[in-house]
Every structure is written in structure tokens, then in C-alpha cells.
Amino acid sequence: MENKPPLVVKATSRLPVSSSLRNKRVLNEDNLPAIDMKRHCESSIEEEIIQRRIPSSIATTRPKALAIASVTRSQASGRKSMSSTRSGFRAPSASTRVVNKKPTPSISVPRTGSAAAVATVPGKKRAAWDLKGQVSDMRDKVTGYKDKVHLLSSDNTQLRRSMEEMQRQLDTLKVEKKELSCRLCMVETDMKTTQEKLQQSLHQATEMTSLSTRQGQQITDQLQKIQALQEDKQSLSRLLDSTELKLKLAEQESSHLGDETKAQQIQIGDLQQEIQGKEEKLHTQEMERRHLHNIIQELKGNIRVFCRVRPLLKSEDQKNLNHIHFPPQDKKSLVLSKTEESHIGREKEDMKYDFSFDHVFPPSSSQAEVFEEISLLVQSALDGYHVCIFAYGQTGSGKTYTMEGPDDMTDETIGMIPRAVQQIFQHAAELKSKGWTYKFTANFLEIYNETLQDLLVRRSEKNVDYEIKRVSATNEELHVTNLQYVPVASQEEVCKLLHCAKMNRSVAKTTLNDRSSRSHSIFQLRIEGRNETRDLKTNAVLSLVDLAGSERLDKSLSKGDRLKETQAINSSLSNLGLVITCLSNKDTHIPYRNSKLTYLLQNSLRGNSKMLMFVNISPLGENFSESLNSLRFASKVNECVVGTAQVNRK
């Protein structure tokens with residue numbers, strides 16, 4: 001029977017292999033940078049060589065189906081077999097190209113001729129009685145295993161060293177890769193910076209090109225300007241030459257004019273004499289103007305009556321004005337109409353009441369339009385005539401607004417008193433050139449419940465008795481004791497007095513008006529004029545009176561103090577109407593002393609004064625009866641003829 005050597009089957013190695021080495025075999029070369037491609041290929045080859053270095057003869061385990069040929073000759077022959085197996089294995093170098101080839105399995109052949117050798121047939125065991133042979137076989141196996149372990153340890157050590165060397169190379173390559181990556185980033189950054197600089201340079205080049213174009217255009221413009229300036233210079237040079245020529249001619253003409261000036265000075269002397277004669281003539285004409293102006297006032301009537309209808313307030317119904325009619329193209333008539341029952345009480349009739357005055361002002365009239373009609377009368381005060389203007393009407397009809405203006409006055413809404421003062425001072429300043437000088441003295445008082453009160457002092461100082469007395473037995477001029485007579489020199493000073501008086505005047509709330517004037521206010525401006533050249537003197541008093549509101553007791557529903565005030569107001573107004581009636585009838589006795597109002601104004605009410613009365617009426621239909629009574633009283637006053645006014649001149 002032929003002894004065949006047992007087959008040695010390649011076994012799987014159980015030696016530890018680094019995970020990094022296993023992973024490197026599956027790396028994709030396309031994912032590595034181009035600069036590491038060569039090194040990666042060499043590393044992969046070395047790893048493959050290392051894995052192929054381990055022969056199948058050093059496997060730690062064998063498959064169970066293999067037949068093992070035991071060498072029983074001696075321990076030396078077993079070692080020799082192992083060493084021959086090792087001698088067939090050679091560690092390849094890193095530079096050697098390795099072919100993927102499986103190693104040839106080693107076959108152990110037992111030696112013959114030894115007396116102690118025991119032939120072992122594959123698949124046949126020693127007999128149970130051959131204990132010595134079994135021990136010898138076991139010893140041979142142990143020896144073989146020891147040699148294999150020693151060889152494996154040596155190979156393992158060598159593999160570890162190779163792996164460490166490769167790990168160091170790998171670390172070096174990683175460092176180089178990192179450095180190259182950094183250099184690549186720096187190169188990319190530098191390239192990006194260079195590109196940005198290139199873009200900036202291109203942009204700057206474009207701007208420089210545009211700037212060069214603009215500067216070229218500017219240079220062209222400047223050259224054109226220089227050329228124009230040179231042309232202007234030439235023109236100015238020609239103009240200078242002509243001007244010098246004209247200057248020479250002007251000097252010659254100036255010499256000629258000097259001669260003419262001497263002649264004109266002589267002519268000026270003659271003209272001055274002529275001017276003096278003209279001034280004499282102008283003065284004569286001024287005196288004639290005053291005389292004609294007085295005649296005009298007399299023709300219009302010494303007591304003139306103006307009717308004024310106040311406008312509706314924002315809170316009042318616009319339909320309330322239907323009972324008042326203003327005939328077209330007629331500024332002197334007014335018609336009141338109302339539907340009333342007949343005397344029998346069965347039918348209703350439209351009752352109309354026609355009134356005519358010197359002037360009628362509708363609600364649309366302004367303060368300036370009203371003052372324009374009385375400005376001539378105010379001028380008479382500067383000419384030396386006593387002038388009295390007073391406002392009459394029921395409470396809430398606009399008397400105080402007409403005479404003084406509203407609380408928040410403007411240039412359009414100031415009343416008759418401020419406007420009259422303004423005109424007096426303006427005309428007085430104009431008359432200075434004609435030799436007239438004026439002194440003005442103002443006072444402001446009120447008559448409250450038939451008691452005089454000074455409006456130019458504080459209320460705490462009003463416990464003073466005021467009496468109306470004559471200046472002397474031979475002088476009919478009246479004055480009030482303890483009353484302040486304030487010298488004024490300008491319109492502003494008078495306005496301050498008017499403001500002080502307005503704060504001190506007695507007002508109260510009634511059923512007909514929230515702020516009703518409960519007293520008669522009287523502003524007087526004494527005017528003393530003097531012309532030194534003509535040796536003339538004038539003395540006049542301008543009286544502007546805002547009468548208290550007339551009210552019927554049944555409508556005012558006054559009680560207590562308000563009732564006493566209403567009775568006193570109605571009494572003084574009745575006495576004013578009585579005095580005017582007596583003056584019109586030429587009665588020998590005029591009841592001035594019946595009230596403080598008529599007694600104080602008697603010099604203005606006499607025939608030697610000029611009078612004007614404003615009758616103010618309300619536009620409300622509910623005040624129809626009060627408006628009718630006011631208009632009837634005004635008509636009676638308008639019919640009065642009190643005589644021709646006399647100038648107070650010395």
C-alpha cells in the first residue's frame with residue numbers, strides 16, 4: 001500500500017489585523033487628492049503583500065476532515081520539517097511587485113529506515129496496547145506545536161514592526177496631506193484675492209477712463225470759457241476807452257452845471273418866498289375846509305342815527321333773520337315784518353314796520369365800513385367841536401362789540417373807540433406841519449345804579465365819592481371829583497387804558513345774555529389844540545358812550561340785584577329820551593339832573609355839540625318786540641333838531 005503524504009489545507013489566520021489597514025484596502029482612489037494618488041497605490045500594494053505573507057502552514061487550527069501525517073522518526077526530523085517549511089517563506093520588500101497567487105500547500109514526508117519510527121496510516125489509529133507509540137506521537141505533536149508558536153511569535157513581531165513603520169509613514173503622509181491642503185487653501189485664497197484686486201483694478205481703470213473723458217470735456221469747456229473771457233476783455237477794454245471819453249465830457253458838463261447851480265440857487269430863494277405865500281393860502285383853505293366840513297355835518301343833521309344789525313352767531317338758527325328786510329340799493333331803510341293776529345282775533349295779518357335812518361348797516365358790514373361813516377364826525381373833535389357818539393340797544397345786540405370790539409381783537413375787529421383814537425393821533429401828527437400842537441387827556445368811568453365809578457383804578461380803591469361839578473361859575477365845563485384824568489401822547493397808551501377799563505367794568509349774566517353790561521361806560525378824550533403861528537386855541541371833548549342794555553322786566557325775569565340794576569338802567573335811558581325830546585321841543589327847562597348820565601353829558605347834548613347814535617338790534621325773531629322798541633326810540637331821536645354846533649375856539 002502506497003503511503004501518500006497528507007494534504008495541508010490553507011487555514012484562515014486568526015492573527016490581529018489593524019482596522020485602519022483593512023479600511024485602507026477599500027479606499028477609493030478617485031476620492032483622494034491628486035498629489036496623494038501615488039503614495040496611496042504603494043501603500044495598498046504593501047498592505048496586500050503583508051496580508052499574503054502569512055503561509056497556510058502557520059494556521060493555528062486545522063479542519064477536522066484533514067489527515068495529518070505524523071513524523072515519528074525523531075524530534076529533530078520534526079523540527080527539520082518545520083524549518084524547511086519556514087525556509088519556503090520569504091518576506092517581500094516594499095518595492096517588490098507581488099502577484100496575487102495562493103501559496104502551495106506544504107506536504108510532510110516521513111522518513112523510513114528508523115527502528116523507532118512508527119508508520120501511521122491515514123485514518124488508522126495505533127493499537128490500544130501501543131502506549132509508547134502514542135506517547136511518542138504526542139511528544140512529536142507538542143514539539144511541532146511549540147516550533148509553530150515560536151515561528152508565529154517571530155512573524156507577529158516582524159509584522160508589528162512593519163505595521164508600526166507603515167503607521168509612521170501614514171502619519172507622515174497625513175501631515176503632508178494637511179500641509180498640502182493648507183497650502184491649497186492659501187493658494188485658493190490668494191487666487192481669490194488676486195481676482196478681487198483684478199476686478200478692482202478693472203473698475204478703477206474704467207473710472208479713470210470715465211474721469212479722463214470728463215476732464216477732457218472740462219478742459220474743452222474751460223478753453224471755451226477762456227476764449228469767451230478774452231473776448232469780454234477786449235469788449236471791456238473798448239468800453240473803458242469809451243467811458244474815459246465820456247468822463248472827460250462829463251467833467252466838462254459838470255463845470256457847465258456848476259454855473260447853472262449858482263443860477264438855480266438864486267431861483268430857489270425866489271421859490272421859497274413863493275412857498276411861504278402858498279402856505280398862507282393853504283392855511284386859509286384849511287380854515288375854509290373846516291367851515292365847509294361843519295356845514296356838511298349840519299346839513300346831515302346834528303343828531304344822526306345809524307342802525308346796525310349784528311350777524312347771527314354760529315349757535316343761532318340762520319332762519320331767524322327772515323323778519324328783517326333790507327331794501328335793495330337803499331342803505332338808509334330797514335323793514336321789520338311779522339305775522340300777527342287781527343284785532344278781532346280771527347285772521348292773521350302780515351305787519352310791516354318801515355324805518356329810515358342816516359345809514360343802515362346789514363349783518364355783513366365790517367367794523368371798518370362802520371367807522372368810515374363816522375370818521376368825519378371824529379375829525380370835528382380836532383377842529384374844536386364837542387362830539388358825542390353813543391350806542392343804544394337791548395342787551396346782546398352788539399353795542400359793546402361796535403364801540404370796543406371783541407376780547408380777542410384784530411386789525412379787522414377793533415371797535416369805534418380804538419379806531420377814533422387812532423385817527424385823532426394820526427391827524428394831529430399831520431397838522432404839526434401846519435403849526436398845530438395838541439394835548440390829550442383821557443378818562444374812563446361807568447354809571448352803575450346811578451353811582452359813578454372810575455374804571456381806571458382797581459376795585460379795592462373804589463370806596464371814593466365821585467361828584468359832577470362845574471369847573472367854575474363862569475365856565476360851563478364839567479368835571480368829576482376824584483376821577484383820574486390821564487394825559488396820553490400815543491394810541492398805545494390809550495389802548496392800555498381801554499384794556500384796564502374793560503377788566504373793571506360791571507357785567508353779569510342774565511336770561512338774555514351771558515355777559516351783559518350792567519352799567520353805562522363813558523370814555524372821554526379832552527383835546528386842547530394850539531397854533532402859535534396864528535395864535536389860535538381849540539378845546540373839545542370826544543365822548544364815546546356804550547349804554548347799558550335796555551331790557552323789559554317781563555322778559556329779563558330779573559330778581560334781587562339784577563332787578564335793581566334793570567330798573568336803574570331803564571330809568572336813565574328814559575331820562576335820556578326825555579332830555580332829547582325837550583331839546584327838540586325847545587323847552588326852557590331841560591331835565592339834565594334827572595339822571596347822572598344826562599347830567600354828565602349835558603355839554604355834549606346841548607346845541608353846541610355834534611351827536612351820533614348807534615341803534616343796535618338783534619337778528620333773532622324772539623327779540624322782535626325789543627328790536628321794534630329800539631328802532632322807534634331811534635326814529636324819535638333822529639327827528640330831533642337841537643341846533644347848530646358851535647366851535648370852541650379862542
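Every residue gets a Cβ built from N, Cα and C, even glycine.
Unlike curated records, TrEMBL annotations are generated automatically.
When secondary structure is read from DSSP and collapsed to three states, Thr395 (ATP binding site) falls in the coil class. Taken from TrEMBL, the feature ATP binding site covers Gly393, Gln394, Thr395, Gly396, Ser397, Gly398, Lys399, Thr400.
Taken from TrEMBL, the feature coiled coil covers 149-183 (among others).
What TrEMBL lists as coiled coil is 219-288 (among others).
Residues or ranges marked as domain 'Kinesin motor' by TrEMBL: 302-640. This prediction places the mean pLDDT of the domain 'Kinesin motor' (302-640) at 85.
The region 'Disordered' annotation in TrEMBL covers 73-111.
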If you draw a 10 Å sphere on the Cβ of Gly396 (ATP binding site), how many other Cβ atoms land inside?
22
Over all shown protein chains, what is the count of other CB atoms within 10 A of the CB belonging to Gly398 (ATP binding site)?
19
Just counting, how many other CB atoms are there within 10 A of the CB of Gly393 (ATP binding site)?
28
What is the total of other Cβ atoms whose distance to the Cβ of Gln394 (ATP binding site) is within 10 Å?
24
